[in-house]
Amino acid sequence: MHLIFLLFLAPFCSAAVFQLPTKSTGSLRAKLIRAGKYQEFLITQHAARLNTISQPISDYSDEVYLGNFTVGTPPQPVSLVLDTGSANMWVIDASCDNMFCNGWIGSNYTRQKFDTSKSSSFSRENRKFSIQYGKGLCSGYLGTDTVGLGGGLTIRKQELGIANKLDVDFAVQPMDGIFGLAWPALAVDQITPPMQNLISQLDVPVFSVWLDRKIQASHGGSAGMITYGGIDTKNCDAGVTYVPLTAKTYWQFKMDGFAVGTYSQYGYNQVISDTGSSWISAPYAMINDIATQTHATWDEMNEIYTVKCSTMKTQPDLVFTIGGALFPVKSVEYILDIGLDEGKCALAISPLMASGFGPSWILGDVFIRQYCNIYDIGNARIGFANAHHSF
């Protein structure tokens, strides 16, 4: 463990540090439940998974965080998921006019699709791409173009996917594509991920993510900040606990132990930090122990664990030991009101089937809302700092 205090503010005053706001989609589950469409969504989702093999691990089936980008010359605006669990960038092809590319009408979101014919800087490659995510497939063809991140930050000749086929998970989310922030080894088709093309423009090869507290499930809005080239000293504590990465694919590292209530488990676990996953994913073997400690019950119809909403503030902390330091997650963060009946709330923890050298835990937005995550590319490490919130 390395505990570092950020007393070196001067280097972050240059123009090579860029802070850009993020926005939340709100809870997809809540929207589908409210519309009476969630069971239909689950059936379609299961059918799509039967004959696929996943590579990037992110799960976009609930709340996700987006950044505003532009692609092309002149620039065309798109809202992309900021995803540390995958490494590719893709946008939706304007020529794709089916229901999945156009998006679910109930999302109240008009898709911003990319029209390659209107970009003078677009160059099409003679290559197709196909990416199977944790829950959802997208495919199309590859090309290069200019990508704007905001604040004058631009990547020229970024290789990206132009998607003309999407699965249901992407169809129902109010988003226009993915901006992958993982390592090159995870990239499909051996493309260079955006962050690797961005590094030369930054003070230091670092980016940090701060997500604001969860908002009412039915609303989206401004909900965080991503800082390229430095650490968000306004929204994050000065004390940062760093741990080395165990693999430069995902942002993967070792966790020393986990505890909730009277249950504890110690010993190394492979964990990843994933801004593209809404919840925390835990090993199957531990899910029952977590459910026991929180008095959660399995909701067969909605395929989630639930607890009484009245216990949202009184449940035990989820305590993660990382780099010798304790990182408790309060129950107000991992118990979510998504509009279920009978005063029930969702336990924002899902099972993960681990194998080989991959992760056995995923720390998604539930964890990141409580702790700023600092992604240090240059030193192949990840850091965690207490997040500041106004309420």
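Each residue, glycine too, has its Cβ placed from N, Cα and C.
Keep in mind that what you see is a predicted model, and the values were worked out from it rather than measured.
Checking the candidates Cys309, Cys372 against Swiss-Prot, the cysteine paired with Cys345 through a disulfide bond is Cys309.
Considering other CB atoms within 10 Å as the measure, the emptiest surroundings among the active-site residues Asp83, Asp274 are those of Asp83. A simple Cβ count within 10 Å picks out one of the disulfide-bonded residues Cys309, Cys345 as the most packed, and that one is Cys345. Cβ neighbour count for Asn68 (N-linked glycosylation site): 17 (other Cβ atoms within 10 Å of its Cβ, all protein chains included).
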